[in-house]
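Per Swiss-Prot, the features are:
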SIGNAL    1-21  signal peptide
ACT_SITE  His62  active site
SITE      Lys71  site 'Role in lipopolysaccharide recognition'
ACT_SITE  Asp105  active site
ACT_SITE  Ser106  active site
SITE      Tyr177  site 'Role in the phospholipid gating'
Amino acid sequence: MQRLFPALWVVLFLVVSPLHAEPKVYGEQRIHRWWDAVTDDIAQTWEQPDRYDLYLPFLSWHARFMYDKEKTDNYNEMPWGGGLGVSRYNDEGNWSALFAMMFKDSHNEWQPAMGYGWEKGWYLDNAKDFRLGLGAAAGITARDDFANYVPLPFIFPLFSAGYKRVTVQFTYIPGTYNNGNVLFAWLRLGF
């Protein structure tokens with residue numbers, strides 16, 4: 001009887017477990033599901049925003065260890081400009097936004113950027129006033145020093161810290177020596 005009991009459990013497990021198994025998702029199906037989730041999120045953010053946002057860029061710091069001093073001495077690191085956007089938070093505290101910004105780049109030339117941002121959010125208190133976020137932004141930008149404003153796609157990481165409707169967001173623009181490697185930051189005010 002003692003041997004029969006474990007054997008019975010094994011047989012029961014082998015018979016019942018396939019009934020609850022989900023089909024595996026591979027390659028194209030996984031990409032299709034991901035793409036549908038992103039496009040649905042973009043549509044919902046556009047059609048049902050929680051907030052209208054004002055963007056105020058305030059920092060474009062060039063990593064000194066990746067630049068010659070002569071270059072950084074002449075760069076603009078105060079990217080005056082602004083932007084507008086729509087955003088929403090889901091039930092888990094994740095943030096989604098559509099945005100457009102215009103600011104002065106490192107060479108003091110105007111640079112537009114528009115796109116979609118998403119962040120996984122973590123609240124630091126029960127009142128949900130303090131929030132940290134980590135995610136990505138994707139979109140289109142253009143620069144004077146790159147083929148006279150030919151549109152350039154971008155995907156950059158996003159980091160944020162916020163209190164109620166005021167958030168500081170950062171991204172890091174990777175690059176090579178004397179090019180890129182910029183910490184870009186802006187203030188986002190939600191209305």
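Cβ atoms are placed via backbone N, Cα and C, with glycine included.
Given the structure is predicted, the values throughout are model-derived calculations rather than measurements.
Between the alpha carbons (Cα) of Asp105 (active site) and Tyr177 (site 'Role in the phospholipid gating') lies a span of roughly 18 Å.
Counting Cβ atoms from all protein chains shown, Ser106 (active site) has 20 others lying within 10 Å of its own Cβ. Taking only the Cα positions, the spacing between Tyr177 (site 'Role in the phospholipid gating') and His62 (active site) is 11 angstrom. The Cβ of Tyr177 (site 'Role in the phospholipid gating') has 11 neighbouring Cβ atoms from other residues within 10 Å, across all protein chains displayed. The most densely surrounded of the recorded positions His62, Lys71 is His62 (count of other Cβ atoms within 10 A of its Cβ).
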